Structure formats: structure tokens, C-alpha cells
Ligand code: NAD
Ligand code: IPM
Ligand code: MN
């Protein structure tokens, strides 16, 4: 059988820096576990704009549709702030998500034991935390029409539209319930049904899908503003959270700080099954291009490396390999190896991106 194919899109800022460490991890699995991928690399975001005048070339889009999985670093940066909206780096990422129809974005927030004192919250609030935010990724206010900035009389008006169809809500709800069945069988759905009609529909449809197909899963509903507060007050009350595109974006950054650093959070964006049975998929860290530290070799590569672990698990059925990689990350953190974003109460000297990669490879060798 042909090797599974991976398209790597490092992107901008720290994207290429953290992706270089992922490539070493991929090579390690090829050399040591006979897990070989056909890897190709291409441009996205500002890097693609610089080369082609567009944040995602049509050829790259076509390649992304064909491969078994895409791995993306990060896009964006101040250099591109003044570009026309239509060619901003972020549009490249949004086009990938939309055209691949990656409607279910899994954003796990797990607090590794060694980092329980590193969160801005107390140890007892976060120790042992393991939650999964399922963010709807292809609809809602990110894509709704009408949108734009236009003139009304003497002033400009900015418009975006929150729009959800029943089927869009139902399919992301199903993916949350399916995941919950493999975890603690508990889903909390978050919206603003108190002020938004799309929120009322969201709540109704999630409840209907539950009652008809997943009565065994414990389902609760919460307003998203309360959800943000509860995530900080007592995050361990949650198992799976399902929410819309914009709330999911904000709540997952919030959840990141429960784990110690945004540099720790991976994600999987999944769509419908392809002809080979694998879901359409893209894996990317939750963080962005971190312009404030780009080019300094100090970014934490763990979010991107753990995104590859999610690829092993969700695209390639390689759960044991994913466990091995996650175990290596856990061991390195337990040994006190820290990038600069993880400088917490135990002090120490930070290592750079490459040294963190070295430590993870050494842990893989040892383990
Ligand atoms: P950001 O996530 O890039 O950075 C926020 C803060 O977290 C910064 O202080 C940064 O240094 C730190 N940080 C992030 N990742 C880190 C890592 N791996 N190691 C150590 N520290 C890390 O968010 P921002 O500053 O709001 O956005 C910068 C650019 O990135 C913008 O253009 C934005 O649109 C883009 N962005 C892209 C993605 C993506 O590609 N998926 C996600 C978020 C933001
Ligand atoms: C994320 C990012 C993106 C989003 C941007 C860069 C388009 O913040 O993946 O969390 O808002 O979805
Ligand atoms: Mn975000």
C-alpha cells in the first residue's frame, strides 16, 4: 500500500520554527517505527502572499484536498496588517477550512502534571484537567452573509452575520457526542440563546440530536459568557464542550491558559470521510504566528508536535504511536525541560525551540 500523504504548510512567524521540530519527529517515526509518510511542503498565509500575491494558491488548495492530512503551522503577522482584507494571511487558513469542509475543530486542553503550578490559576483548580472543546469551524459569524464595511450617510458601518443551519449544528453536535462516548460521556453546549436566535436554534438542535441519537450522553446547556467564567472558576466540571465558531475561538484561548501556555495547545479540524474512509483533516496548533518572538528560536514547539500526535490518532489510526509521542512530551516536561513561555515557579533556564525538539526526540529514543 502507498504511504499515507501529508501536506505541510509551515506558514509565517514561528510557524516554520515549530514545524521544523515536527518534521524531525515525523522522520523519527519513519526511521524507528516504520511509519513512513509521503511528505510535501507548500506555502500558506503571508509566505504564499509574498510568493504568489495570494495567501493560498489554487494549486496548494487542490493538493490539500488530495492528501490524507494537512499540518499547518501558523499564519499572519504585522507585515501583512495593511493588506486588503481579501488577501490577508488569515484568509488562506479560512479558505482551507471552508473548502475542505472541516466543520469539527477539536481543541483539547490538558494540564500536564509537571505544569500544574504554571497556570495563572491555582494548582488544585487545574491539576488533572482534561477537557475537549469542539468548535464549529466552517460557518457562523466567520462566514455568514451579508458582511462588509459600507457607508450609510455620514458614517461607515461594519457588518457580519451569525448564521447557522440546522444541519450545520446537528453535524458538529454529533461529533461532540461521539467523542463524549469515548471519554466521560458528558457534553456541555454553549451559546447565547438568551439574546440570539441562532443560539435558540443551536440549543434546540443539539437537544434534538441528543434525544434522538445519544440519550445515553449527559447533556447540559450553558450561556457562553457563563461558560467563560466557569472555565476559569472550575474547569474540571467539563468534559466535552460544543460551541460555535466565534465562541469556540475565544473559549479555547481561555482554556489554553489552564494548561500553562498557549504554546501547549494542539488542534484537529475534521470533515467528512474521504473515499479511503479517513476524515478530511487538518492539524494545527491553537496559537498564532507569535510575531513578538518570531525569528528568535524560542517558540514552544509542543502545540505543533501534539497536533501531529492528533494526526496519528485521528487520521492514521496510530493510537499507540500517538500515545508514545504524548508520553515523550510528558516525560520531557516532568524532567523540567522548559521553553521561555513555561517559566513558572520552578525557575530554571529556558531552552530554545530546537533543544525542546532534541529533548522530545531523546525521550522517544529512550521510551
Ligand atoms: P499568537 O497566538 O500568535 O500570540 C499570542 C501570545 O502567545 C504572544 O505573546 C506569543 O508570543 C505567545 N505564543 C503563542 N504561541 C507560542 C508558542 N508556541 N511558544 C511561545 N509563546 C507563544 O496571537 P496574536 O499575537 O494575537 O496573533 C499574531 C498573528 O497570528 C495574527 O496575525 C493572528 O491573526 C495570527 N493567528 C494565527 C493563527 C493560526 O494560524 N491558526 C491563530 C491565532 C492567531
Ligand atoms: C485560530 C485563529 C484563527 C481563527 C484566525 C487566525 C483566522 O485565531 O485558529 O484560533 O480566528 O479561527
Ligand atoms: Mn484563535
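Every residue, even glycine, has its Cβ placed from backbone N, Cα and C.
Unlike curated records, TrEMBL annotations are generated automatically.
For reference, TrEMBL has these:
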BINDING   77-90, 288-300  NAD(+) binding site
BINDING   97, 107, 135, 225  substrate binding site
BINDING   225, 249, 253  Mg(2+) binding site
DOMAIN    5-360  domain 'Isopropylmalate dehydrogenase-like'
SITE      142  site 'Important for catalysis'
SITE      192  site 'Important for catalysis'
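In this structure, 290 are the recorded positions from 81, 97, 107, 192, 290, 298 whose C-beta falls under 6 Å of some atom of ligand 1. With a cut-off of 6 Å between Cβ and the nearest atom of ligand 3, the binding-site residues 77, 89, 249 reduce to 249. Rounded to a whole number, the distance between the Cα atoms of residue 97 (substrate binding site) and residue 77 (NAD(+) binding site) is 20 Å. Annotation for residue 142 (site 'Important for catalysis'): same-chain Cβ neighbours under 8 Å, separated by at least 6 residues, are 94, 245, 246. Counting other CB atoms no more than 10 Å from each candidate's CB, the binding-site residues 77, 89 peak at 89. For the pair residue 294 (NAD(+) binding site) and residue 97 (substrate binding site), the Cα-Cα distance reads 25 Å. Under 6 Å, Cβ to nearest atom of ligand 2: this is the test, and of the recorded positions 81, 192, 249, 294 it is passed by 249. Counting only same-chain residues six or more apart in sequence, the Cβ atoms lying under 8 angstroms from the Cβ of residue 97 (substrate binding site) belong to 137, 138, 269, 282.
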